[in-house]
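Everything on this sheet refers to the single structure shown next.
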């Protein structure tokens, strides 16, 4: 093949929505508000988990990683989205587009893996409580997180590398690879989550006390809601709703927020 006879993509033209200026500014400010709400919500969760010793457990440790990945996703997507709202047409370098796709893909894969290990954490806590402390140790959690980050970073390298080598209009091979890889990443974690919750539900219904049954299932409700939203949307809604779900459905988080607010209010009087 003659290398001089190859057309390579250098830039991508992103066309914005053709709407009235007032609507464009309204959408722009709404997106700004959504972004700050999302980032502040996740930063609050990370701060609370780090601030309170009662949250130094595997579930909350994985929750901080989930919040971190959500921040990465919205920060990766929003800048170009905001630019596209105000500008009729923007030009994005192809390398920057691939970088943005790569960061987004890594974060999505990481979230799939995190939601999976969080479901396994709930399975151990409810079905195997005597083995929980030995299996889900602090050291083991750090090893899991390092493995997940490494897998996400290296697995998703396949996608931008293949796209960067695209030379002709036939993209069927790349589409097949992306589909198979995406299916592998999404389906297997989803299957593990389903199996974990089947065991959890069976164990919970075998509990004779109604109060104990409700208490056991309440520890999984927030995670189950996030998993459902994640696999239905897989994009923008999950990063926004994750902090809302985990904070509103968690009494401990709300109590720590109250203590933190009281501490801040009493700071001037102590000085």
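Backbone N, Cα and C define each Cβ position, glycine as well.
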Where TrEMBL places transmembrane segment among the ranges 1-24, 25-48: 25-48
Model confidence over the domain 'G-protein coupled receptors family 1 profile' (41-237), averaged pLDDT: 81
